[in-house]
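Undergrad: Before anything else, here's the structure in question.
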Amino acid sequence: MFNSTLVRNLLKAKQYYATVVLSLTLTLTIVFVVFSIVDTVLLKALPYGDSKNLYVYQGYMLFNGQHESGTNSKNLLDVKETSQGIADIGMYFSWSDYKLLELPSRPDVPVFFGSSNLFEVLKVKPVLGRFFDEREQLGNKQPSAILSFGAWQQHFAGDDNIIGKSIQLNERRFTVIGVTSDHWSLPDDDEVSEGIWLPLDMDEQFNPIETGSITSNVRGVMRLADGQNLKFVTEALIEKMQAAAVINMPRAAKMYELNAQVEPFIQALRGDSVRLVWMLITGASLLTLMALINLGNVQVARGMSRVKYLAVSYAFGAKRKQLFKESLKHNFILLSVPVLLALFFTILSFELVQSIGSNVLPRLGSLSMSLNIVLFAVLMCAGIALLFSWIELSLVNEASLLSSLQSSGKGTGKQLSRGVSHSLIGLQLLFSVLTLVATSQVLMGTLTETLRPTHINTHNLWSLEVNYALIDNKEERKNLQRAISQHFMAQENVKAVSRASDTRVPFIMNHQPLFNEKDFKISNVRAAFIDDKQLSLFDMQLQGLAFTQDDMLSNFPPVIISQRLADQFSGSPIGKKVKLYAIDNFMTIVGIVSNTDYPGQSRYEVAEIFIPSVFKGGRTDVLLMQVSDEHEGFSLSDVYNQLTQIDPRLDIARLSSIEDDFNEISQDQRFGAILAGGLSFISLLMVIAGIAGMVSYMVNMRRYDLGVRLAMGANNKRLLRSQLWQLAQPLMVSFLFAFALAYFALGYSRTIPQWHFAIYWTEMFLGLVLLSVFVALACFMPIAKVLRTDPIKALRNE
Amino acid sequence: MKKEVLRIQGIQKSFDSQAKATQVLKGINFNVHEGEYVAISGPSGCGKSTLLNILGLLDTPDTGEYHIDGSLVSGMNGDQRAEIRSRRIGFVFQAFNLLDDETVVDNVALPLKYRGDNKLQRQARANECLEMVGLADKAGLFPNQLSGGQQQRVSIARALAADSGIMLVDEPTGNLDSKNGDAVMALLDKLNKQGTTIILVTHDPRYAQMAHRQIQLLDGKVLSDVKKGDASVENVFKGAVEKSEEEHA
C-alpha cells in the first residue's frame, strides 16, 4: 500500500521529480567537483610542517616585457652562504625524467634533485627510512635515492623492505634510503608526488656548483628566522641574488634585468591557478543560482498544487510546525537522490578533471572524495530541503487554505496565477540568455585560440630528442648523431629526416639578444640551429635563399630570420649582417620565413633566427622525421630499443608527434573551452528542464480549464496556438531584456582596456537561436501532450 | 439537560473586498448541546460557511466570544486552535476534499496523524470508521476509484476518526445525486443517534428538516432558531424568510 501510494505520487508529479533530480544532479555534480578542486587547491593543508612559515625563493629575469623565472644554482648557493634573517634555505631543481631500468617496462620517472637540508626545511618525516643528511651534502656525490610515495606504490608495489635496495636510474645505481609521504606538491611541478629524489649533485648533465647558465628550474625553499620581517628579508635577498648573478652569470646580468622573489610556499604553489579557481567558483555559483531559480519556480508550482493537502491537514488539526517537518522530511529524502547521484558522478569525474586539468591546477593528484565534500553535500541537501519547505509553506495562509477547502468544483483549486508563472518562466529565460552569452564568448574565445592555425605543417611529423649525455666524447656523439639520422632515414615509411638543436615547440627556449653591425641590440630572438631540410619539412614559406649543404659547414654562415624579426628592421633585412650574443661572428641574412604561431601560448610567438648547422655533437639533438600516411607512429619502447641497439648509452629525452606537441601547449585553452562548453550545455539543459517542468505544471493545472474549452468546441490547434502565444509574450520580453543587458555588459566591458576581447556576434546569435528552439520545444511538448487528452477526462480531472 | 459543547456570543466577521469592508456576520448568538443535530440554513451569501469556519476554528471572528466545552477558544493562537481541531472537531466538506494521492484508509487516518497516533493505531481506527460507513472493503483504493457518494462517506469516516464528538458538515449532498444524498444524510442521522453532535450547513430544506434544530440565517443574523416540533414558531419564521427573500429579489 505504501508502495502504491509512493509510485502514484511519483507518477503524478513525475515532471516535478524529474526536474528536481535532473537539475540538481547536474548542478550538484559541478558544485561538488568545483568544491573538491577548491578544497584541494586552496584549502587542504600542505603535507609540510609549519607550512605557513615556508617560502619559495626564486630568481626572475625580465624577458620580452615578461618576468620569466631564471637564476642558477650557484647564485642560490651564494645567497645561502651569506644571507641573514633566514632560519634555513634548501634548494631543489628538476628538469628531466630518468628511466627506471629496474623494471622491465623501463618507465620514465621524474627526477628531483634536492639539497641535503631540503627535507629538514620542509619539516617532513619519511614514511620509511630517512631523508638526505650530511652524507648527501653537495660534493659527496652520494648515490642515494628517496622514493616519493607515488613512485613507491606504482613501481615497487609499496614494498616495505625497499630501504637499502639498489635501483638503476639510466646508467647509474642508487640506494633507496627513504620514502616520502603522499601528495607532495612543489610550485609548477605536480609530478613530485610520483618522482624520485636524488642528491643535488647527482644529475648526469647539470653541475650545480659549476654552472654559469640561466636555468628556470632552480628554486630555494626557506624559513625565516624568528622575529624577521618578510619585507626586509626579501629586499636583502633580492640584493644578494643580483650581486651573486653579477659574479656567477656576468653576461646574463648584463643582458637581462635580474630580480628575485620571495613568496609564501602556498602562494607559489597556487600560482595563476587562483584565478582559474575563482572562474570555476563563479561558474558553479552562476549555475547554482540558475538551478535555484529553476527549482524555486518548480517548487512554487509544486507548493501551489499541494495547497489542498495542506488545507485538509490544517482542517484536521495539523500544526504549522508539523506540516513544515513533514515537508522537510519529504524534501530531504527527495534531495538525497540527486545528492547521492551527484556524489557518485563527482567521484567518476575526478579522473577526467585530473586528466584535463593537472597541468593547469596544482595538487590535483590528491583530488579525492573527502569528509569536507560529504559534509558539504549534506549541508547542501539540508539547505535546499529547508528552502523548498519554506517556499511550500510560505505560499499558504489561512485565507488560501479556506478558499481551497471551499472550492466545490474539480480542477478549480488554488493555482499559481498565470502572471506569476509566466514571470517565473521569463526570469529563467533571462538568466539563461545571460549565461549563454557569457559562456559563448568564453567558449568562442578559447576555441578560436585553440583552433588558431600554426602556419606550419604538423601532419605526419615526429620529433625525437635523443640524450647523448652519457657519451663524453664529442666526436663520438657527432658520429652517433649522424648514424641515428641515417638509421631512421633508412626505415620504411620514413620519408625525410632533418635535425635541429631544439624542438619546434619551444619547451626549451634558447633566447638571446641579436645585435646589428653597429653592435646595437635589435631584439631578443629565439635561435635555432637547423639543417637545410628543416624549414621545408615544416612548409614554412621562404623569401630569399634557402640553406645549402655548404652553408651548414661554413664558419660565417648565412641566416634566415622569421617575419616577426624582419618586421623590426627598417627596410628589407636581406643582406644585412647580424650577430648573436653567443656567437661572435657576424652572419648575413639571406632569407625570411613565415612566422609560426603557437595556439594557446602566444608568448612563444617571438622573433626567430635560423642558423644552418650539421651535427654538432651536443648532449642532446633533435631529429624531425616526416613519415608516410601508412606509418603507424613511433612507440617509445620501440625507438628506445632501436637506439640502445645502436649504442646502449643512448636515451630518449622526448619523442612525440608535432601535432601532439601543439595540442599540449593549447591544453589550458581547451580546458577553458571544455569548462565554458560544459557550463553552457548544462545551463541549456537546466533551462529546458525548468521551462518544460513549469509549462507542464501550468497546463496540467489548467487541464480542467482546457477541458471546458474543448467541450465548448475549441479545437486543439487553436488552443495550442493560444497557449503558446500566451507563453511567447513573457519569453520574448525576457529575451529582449536579457539581450539588452548582455549588450550593455559587453559594451561596457570593451571600455575597460585590460578586458578588451573580440565579440563573436554570429556564434552568440546562433547560440540564442538554439536556445529559442529548445525553449519553444520545451513549451510545445507539454502543451501538445495535455491537449491530446480526452476533454471529458479533462473535465473530470482524471 | 445535556452538556453544552459550543457557545457563541456576539460573533461578528467582516471581509475586505476591493477596499470595501463587507460585514458577513452581524452578531450571532447560540449554543449547542452534546448530541444535538443542528442544521444551519439560509440563502447564498448569508454567512453560513463563514459561521461554520469560525465554529471549526478555521477562521477567527472579529469580535465576540466562542466557547468549546466551556473554554474560551476565540483569541487562541494557531497551534492551540489546531490542537482543539485535531481532538474535538471533525469536518465533512461539500467537495469531499479527499487527498487523491492517498488511499482511502490513509485519508481516513489523516486526523490521527496530527494527533500523534502511531501508524498501527491509525490504521486500526481508520478501518473501524470505514466499517461504520460501510466501506471497509474499499480501504486500499484511491478516492477517484470511488463514486461521489462513497467519497462523501469516506469523508464522513475521516470526520469520525478522531472521535471528536462534534462534526461540522458543509453541504454534504451538494455534489451528489439524490439517491447518494439521501444515503449520506441517513448515515449522518445514524451517527447522531450514536451520540455525535452534528452541525449541518445546508440550503436544502428537506435535509434541514432532518435535524432536531434549525438555525436560519439571513444577512449575517440569526433569523430563527427552531427546535423540531415547534410548529407555530416554525411557521412564523418560514413566513419571515419568504418575505425577506421577496425583498431581496
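Glycine is treated like the rest: Cβ placed from N, Cα and C.
Heads up, TrEMBL stuff is auto-annotated, nobody curated it.
Values in this document were obtained by computation on a predicted structure and should not be read as measured data.
TrEMBL feature annotations, pasted as is:
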- A:16-38: transmembrane segment (TRANSMEM)
- A:20-236: domain 'MacB-like periplasmic core' (DOMAIN)
- A:276-296: transmembrane segment (TRANSMEM)
- A:331-350: transmembrane segment (TRANSMEM)
- A:370-391: transmembrane segment (TRANSMEM)
- A:424-444: transmembrane segment (TRANSMEM)
- A:437-615: domain 'MacB-like periplasmic core' (DOMAIN)
- A:671-699: transmembrane segment (TRANSMEM)
- A:679-791: domain 'ABC3 transporter permease C-terminal' (DOMAIN)
- A:727-746: transmembrane segment (TRANSMEM)
- A:758-783: transmembrane segment (TRANSMEM)
Undergrad: Are the transmembrane segment (A:671-699) and the transmembrane segment (A:16-38) close, by which I mean at least 3 Cβ pairs under 8 Å that are 6+ residues apart in sequence?
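TA: Yes, the stretches contact each other.
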Undergrad: Examine the transmembrane segment (A:276-296) against the transmembrane segment (A:727-746) and state whether at least 3 Cβ pairs sit under 8 A, considering only residue pairs 6 or more apart.
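TA: As far as Cβ distances go (cut-off 8 Å, pairs 6 or more apart), the transmembrane segment (A:276-296) and the transmembrane segment (A:727-746) do not touch.
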Undergrad: In the domain 'ABC3 transporter permease C-terminal' (A:679-791), how many residues does DSSP put in helix, strand and coil?
TA: 97 helix, 0 strand, 16 coil
Undergrad: Give me the stretch from A:331-350, A:370-391, A:727-746 with the greatest number of Cβ pairs under 8 Å to the transmembrane segment (A:424-444).
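TA: Checked against A:331-350, A:370-391, A:727-746; highest Cβ contact count belongs to A:727-746.
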Undergrad: Using a Cβ cut-off of under 8 Å, list the residues of the same chain at least 6 residues beyond the transmembrane segment (A:727-746) that approach it.
TA: 422-423, 425-427, 429-434, 437-438, 441, 695, 759, 768, 772, 775, 779
Undergrad: Taking every residue in the domain 'ABC3 transporter permease C-terminal' (A:679-791), what is their average pLDDT?
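TA: That stretch averages a pLDDT of 77.
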